[in-house]
Amino acid sequence: MSENLAPSTAAGTAAAGTAAPRPVPAPARARREPMFPDGPAPDPAGSHHERRIRSFQPRRSRVTPGQAEALRRLWPTWGLDVDGLRRLDLGELFGDPALPVVLEIGFGMGEATAEMAAADPGTGILACDVHTPGQGNLLGLAEQRGLTNVRVANGDAIILLREMLAPDALAGIRVFFPDPWPKKRHHKRRLIQPEFLALAATRLAPGAVLHCATDWEPYAEQMLEVLSASPDFENTQPDGGYAPRPDFRPLTRFEGQGLDKGHVVHDLMFRRRG
Ligand SMILES: C[S@@+](CC[C@H](N)C(=O)[O-])C[C@H]1O[C@@H](n2cnc3c(N)ncnc32)[C@H](O)[C@@H]1O
């Protein structure tokens with residue numbers, strides 16, 4: 001019998017008449033228990049066991065009833081856990097072996113992702129984030145707009161790239177407004193680092209573009225520095241600088257917040273050498 005069946009103990013104590021029954025605490029929710037039985041698993045690859053610096057902060061954000069409903073109903077069809085246990089066949093995943101697929105790392109609440117998917121149905125977007133409310137939000141937006149070219153991946157994009165995507169599989173990678181980790185002692189958590197670029201380059205097809213954008217000037221400078229130094233990438237800009245903002249990139253939620261603070265936004269578009 002489970003130790004959680006504490007009421008019998010309390011009842012037994014009361015019956016003995018020695019003390020008033022003490023309130024029985026609700027059984028603690030297991031740390032790894034999924035919030036949604038058929039939805040995204042918490043920490044699907046168990047990455048907290050890995051000795052690796054992560055680029056995201058595990059957050060416990062409230063999931064709205066609408067997001068929860070979208071997760072319950074739509075996750076089994078459009079979602080996938082980044083468990084690091086299998087190699088994805090992107091043609092099969094998107095139901096079209098000829099569809100070029102772009103990986104978006106860190107889509108947040110997914111408004112810009114849905115916008116880009118609607119504007120370009122000829123491209124599949126594999127949208128990866130660890131943020132459960134955003135996953136529900138994007139699923140809901142995709143359904144509302146009748147999008148069939150978005151798949152929502154739950155987990156660490158590093159594991160997705162390293163373990164689950166084949167070499168040359170991607171037609172592009174988008175990293176829009178990654179967490180800036182402004183404190184010096186946190187700079188090591190920034191996603192755009194030489195090791196990330198080396199991994200990303202192997203998963204991009206030759207000639208495919210890694211597109212980053214940030215409103216955090218020191219991070220933009222770091223991005224430009226490490227991308228320019230990478231032997232695997234070349235700048236799409238002949239002057240070796242930032243790219244003009246492309247029309248297809250909608251204003252993102254974090255970008256709006258940065259602009260409200262007077263930040264300047266930089267885009268960086270680097271092509272995989274091939
Ligand atoms: C600052 S937010 C930007 C969200 C969105 N792109 C925007 O511009 O509104 C960065 C997002 O990246 C996600 N993220 C950071 N590192 C990640 C990783 N390794 N894998 C997946 N998502 C990651 C965070 O959870 C967060 O939602």
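Keep in mind that glycine also has a Cβ here, set from the backbone N, Cα and C atoms.
Going by what TrEMBL states, the S-adenosyl-L-methionine site holds Glu104, Asp129, Asp179, and the candidate of Asp43, Asp156, Asp232, Asp239 recorded there is Asp156. Asp215 is the residue from Asp96, Asp120, Asp215 that TrEMBL records in the substrate site together with Lys183, Thr252, Arg253, Phe254, Glu255.
When every Cα pair among Glu104, Asp129, Asp156, Asp179 is compared, the largest distance found for this S-adenosyl-L-methionine site is 14 Å. Long-range Cβ neighbours of Asp215 (substrate binding site) (same chain, at least 6 residues apart, Cβ-Cβ under 8 Å): Phe177, Phe254, Glu255, Gly258, Leu259, Lys261, His263, Val264, Val265, His266.
Among the binding-site residues listed (Glu104, Asp179, Lys183, Asp215), Asp179 have a CB atom closer than 6 Å to some atom of ligand 1, in sequence order. Between the CA atoms of Asp179 (S-adenosyl-L-methionine binding site) and Arg253 (substrate binding site) there is a gap of 13 Å, rounded to the nearest whole number. Listed in sequence order, Gly108, Glu111, Ala112, Phe176, Phe177, Ala213 are the same-chain residues six or more apart from Thr252 (substrate binding site) with CB atoms under 8 A from its CB.
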